[in-house]
Each structure stands twice: as C-alpha cells, then as structure tokens.
Amino acid sequence: MAKGEGAESGSAAGLLPTSILQSTERPAQVKKEPKKKKQQLSVCNKLCYALGGAPYQVTGCALGFFLQIYLLDVAQKDEEVVFCFSSFQVGPFSASIILFVGRAWDAITDPLVGLCISKSPWTCLGRLMPWIIFSTPLAVIAYFLIWFVPDFPHGQTYWYLLFYCLFETMVTCFHVPYSALTMFISTEQTERDSATAYRMTVEVLGTVLGTAIQGQIVGQADTPCFQDLNSSTVASQSANHTHGTTSHRETQKAYLLAAGVIVCIYIICAVILILGVREQREPYEAQQSEPIAYFRGLRLVMSHGPYIKLITGFLFTSLAFMLVEGNFVLFCTYTLGFRNEFQNLLLAIMLSATLTIPIWQWFLTRFGKKTAVYVGISSAVPFLILVALMESNLIITYAVAVAAGISVAAAFLLPWSMLPDVIDDFHLKQPHFHGTEPIFFSFYVFFTKFASGVSLGISTLSLDFAGYQTRGCSQPERVKFTLNMLVTMAPIVLILLGLLLFKMYPIDEERRRQNKKALQALRDEASSSGCSETDSTELASIL
C-alpha cells in the first residue's frame, strides 16, 4: 500500500534540486530563484477570483429550495389553478421526472465537460477562460426561462426539462473550468490556499444570498396546510387564492423577478471574474506540444493513490452533510416542531460558516490540512448526538446550528484546498503530462453530485416507507423517528467512516513542503534559457 510513497516524496525533494540546481553549467539559476518566488496575488485578484464562485451557489440554492414547489404550484396557466386536475399542468409525476432527469444529467455533464476541456487548446485567453465566457450568456438565458410559464397548454413538461438540463449543462461549463482555475491563478501553494479561502467565503455567502433573494421575493407562494376528513393534514391549492396576498399571476411574476435579480448577480460576478483574473500557464507545461489523451489521463488520475483516498474520504463526509442539509427543514418542522423558525436556523448555520472560514484558513496554515480535517469535520459529531438526545428546545437548537456552521465551513473549504496538493503530487510523478486538471476537478464534482443524489434517494425512500404525508402539518411518529436518524445517527456513522479513510491519505505537511521545492526546481529548470530535453529526461528518471 505504501511501498514507495514516503520514499518517492523524499527523492522528489532531495534528489531533484541537488541534481539539477547544482549543475555547474547553469550557475546563474540559483541567483534568479528569489525573484521567481514573488508571485503573490493581490487582495483584488483574490476577490475577483472568489466572486466567480457565487453564480453556481446562488442559482443552485434557489433551484434546490424552490424548484419543486414552483413546478407543483406555480408552473401552470391561470385557468388551470381552479381546475387542479387539469391534464395540462405539471403534476407531481412530471415534476419528479424533471427533477430526477435534471439531477442525473447534471452529474453526467461534469466528466463530459472535463473531457472537452482537457482537449481544448491554449488560447490568448487561456484554456479555461473561453469556457467561462461563452457559457455565461446561455446559462443566464436558460435559468431565466426555467422560471417562465409558457403560454401553451401542451408540452410544459418538455419545456422545463429542456431548459433545466440546458442550464445544468451551461453552469457545468462555467463551474468545472472555474474550479480547475485554482491551479492556474498562481504557482504558489500558499497563494492558492488563500484564494480558496476567499472563494469558500463568497460561496457560503452565495448560498445565503440565493436563499434570501428567492425566499423574500416569492415567499408569498407558500401554500398552507389544512385538516382533511381523515384527520390528516394536506395542502390545498385553492388556498393560495383565499389566504395568499398575491394572485397566481403575481406569484409567477415574483418568480420571474427573483430570476431576473439572480441573473444580474450571475452576469456581474462572471464579468468581474473574467476581467480580474489572469490564467497563468506553467513554464514546464508550455514545453509540451499537446495535452495528454483524455482516457489515458483518466486512467492515470484514477490510479493516483492520494486522489482516490481524498475523494473517497470526502465522499462519505459529503454524504453525511448532504443528509443533514436535505432533511434539515423537515426535521425542524416535524421532529422539533419549529415550523416558523427553520429559515432563521438555516441563516444561523450559513452565517456561522461564513464567519469561521477565515479561522479555518488560519488553522490549516498553522496546524496542517489533515489536522484541520480531523478537527473540523469531527466537531460536528457531539452536536449531532446532542440533537438526537435532547428534547425540543429552541435556544439549544440555535446553539447547535451555530456550532454546525463551524463544521460546515471546514467541509466547504478543505476539499478545494487539498485538491491542488494532490494535483501537484501527480505532476511530480508525471512531469511530462499536462491538461489533467479538469479531470481531477470534474470527477470530484461528479462524486459530490453522486453523493447528493444518493442522499436524496435514501431520504425519499426512507420517508416513504415510514408513511410520510406530503405537505402535512404533522407527521406520524415513525416519520419523526426516521428524520431523527437521517439528520443525526446516519451522518455520524458516515463522518466516522470518512475520517477513517483520511488516515490513509499520504500528503501531510512535510510531503507538501517537499513537493513545493521539487515543483519550484521544475519550473526554474523549464523557464531557464538553457533548459534541454536531456534535463527533462533526467528529471523524469529521478522522480
């Protein structure tokens, strides 16, 4: 398992600089090294890069919380509201098809886009920036049309399915190259880590912003629940007209207004990213004539031990946090009885996460990333146990929400901070292959979305077996118990499994420092005017 991991990193750090930098044929190279290390990003550059993460989070949060209720209650013509059994409206089955197909397509597009990016040539704008530039107009158009109710009776399901899948494709064409851009904004590990901390702060704020904008503008669209003849509680569509403060048409306009605001945020953030960030090419990469073939690169990436261990560990921890996220509103509403407080609890979690991301950035710089993983993610366990055992208490629930936000911040920051270390390690072992960065990032996003789909399926099936009543004001005790397990016990088990896998992750702080020295020697050798293919062959043999 670990036959040569320590030895390989040691040789990369020790033999590489000695064999290359001490060459008597290039004595001036050592004198140039201090200047090459000054590749710091300004705060403005980091903010411009960080703002590029907001569109994905703002739109994803709005769709995640509101698309289902929009398809069921709003995506129909005015005359169909009264005749709630009209065959022309988007019913629950059609809505489930739209949501499932859209989510599945979203996961599939990540490796497909990664494939296309890996084959993209380097242009005057870079390799990644053209994807961000040309996907933005199509993404905002598709997003706006998702929230538009077409004025024709037939084919509404196809309308929403088309534009939902189109938007997911375009936002993937934006987000995958944006994620891979981390490797090209700077060659310094510390600068990339700092920029990642800025990015995670903005992305957490983006989730808060998406929820706030959509919730405040379309909050009137919520349907109340009523008691039926069997003493169970169901929602009434006609109640929207009796108890709502806006008409159905005004509700549709409210969704369009919210979409327009979010589209403006998307465009502004994309423009700032494009104008404020310059994609930098590695000197040693420029010597290669063309990128590695995709499937060969995929085989090399998937055989890279640190990457597999990293994504497997985060797959379990991501699944844990997504189970909590997907069932938190239902848990607060039915198990804890805080129907009117869940919005504020969500806000407490996200604000806590936003405020603590800089603290985690300092922590991982001071104590190392593996230590930050253990401390940050495991800190959620005692609070989940407390939630499982305590009685319904609003003050304690708020305290737990704030504490949970601290762990959420670590879960947001650490994967994106550790992925560049894995890619650096890969580049040292495969110095002649480039263009694999989109593969690393796209497959990490793919596995994250896979975890999201699994958590959604597990939750839905579990609640269905427990007898969940759709849109009920209360639920049977079995449903409350199931929600308790989904939000507390199941995530605890998954977190412990993930932390166990992280024990096998080989890149610690010492290995990171060794890799940094070896990469710097590789860059200096490649950028030197006297660099030859003989030296590159020597470098590959040493590594």
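These residue numbers are counts, starting from 1, taken along the chain as shown.
Including glycine, each Cβ sits where the backbone N, Cα and C put it.
Look at Swiss-Prot and you will find 1-34 tagged as region 'Disordered'.
Panel annotation: around the transmembrane segment (41-70), residues 95, 99, 132, 139, 143, 146-147, 164, 167, 171, 174-175, 178, 181, 185-186, 191, 194-195, 198-207, 209-211, 213-215, 218, 221-223, 255, 258, 262, 265-266, 269-270, 272-273, 275-277 of the same chain, lying at least six beyond its termini, place a Cβ under 8 Å from a Cβ of the stretch. The transmembrane segment feature in Swiss-Prot is assigned to 41-70 (among others).
Swiss-Prot lists 71-94 (among others) with the feature topological domain 'Extracellular', giving similarity to another entry as the kind of evidence. As a whole-number mean, the pLDDT of the topological domain 'Extracellular' (71-94) in this prediction is 55.
Under the heading transmembrane segment, Swiss-Prot lists 95-115 (among others).
According to Swiss-Prot, the transmembrane segment annotation covers 128-147 (among others).
Positions annotated as topological domain 'Extracellular' by Swiss-Prot: 148-157 (among others). Helix, strand and coil counts under DSSP for the topological domain 'Extracellular' (148-157) come to 2 helix, 0 strand, 8 coil.
The annotation transmembrane segment is assigned in Swiss-Prot to 158-182 (among others) on the grounds of similarity to another entry.
Sequence-distant contacts of the transmembrane segment (190-221) (same chain, at least 6 residues past either end, Cβ-Cβ under 8 Å): 39-41, 45-47, 49-62, 65-66, 69-70, 73-74, 182-183, 240, 244-246, 251, 254-255, 257-258, 261-262, 265, 343, 346-347, 350-351, 353-354, 357-358, 360-361, 364-365, 408-409, 412-413, 416-417, 420. The feature transmembrane segment is assigned by Swiss-Prot to 190-221 (among others).
Taken from Swiss-Prot, the feature topological domain 'Extracellular' covers 222-241 (among others), and the record attributes it to similarity to another entry.
Positions annotated as disulfide bond by Swiss-Prot: Cys225-Cys473.
The N-linked glycosylation site annotation in Swiss-Prot covers Asn230 (among others), and the record cites a curator's inference as its basis.
Per Swiss-Prot, N-linked glycosylation site is recorded for Asn240 (among others).
Among the features that Swiss-Prot reports, transmembrane segment is placed at 242-275 (among others).
Annotation source Swiss-Prot lists transmembrane segment at 307-333 (among others), citing similarity to another entry.
Annotation comment: Swiss-Prot describes 334-344 (among others) as topological domain 'Extracellular', evidence class similarity to another entry.
Swiss-Prot lists 345-363 (among others) with the feature transmembrane segment, giving similarity to another entry as the kind of evidence.
Counted over residue pairs separated by six or more positions, the transmembrane segment (368-389) shares at least 3 Cβ pairs under 8 angstroms with the transmembrane segment (479-502), which defines the two as touching. In terms of C-beta pairs under 8 Å, the stretch of 158-182, 307-333, 393-429 lying closest in packing to the transmembrane segment (440-466) is 307-333. The stretch with the most CB contacts under 8 Å to the transmembrane segment (158-182), chosen from 95-115, 307-333, 345-363, is 95-115. Spatially, the transmembrane segment (479-502) is not adjacent to the transmembrane segment (95-115); fewer than three Cβ-Cβ distances between them are under 8 Å for residues at least 6 apart in sequence. If you look at the transmembrane segment (307-333) against the transmembrane segment (393-429), you find at least three C-beta pairs under 8 angstroms, all six or more positions apart, and that counts as contact. Secondary structure of the topological domain 'Extracellular' (334-344), assigned with DSSP and counted as helix (H, G, I), strand (E, B) and coil, comes to 5 helix, 0 strand, 6 coil.
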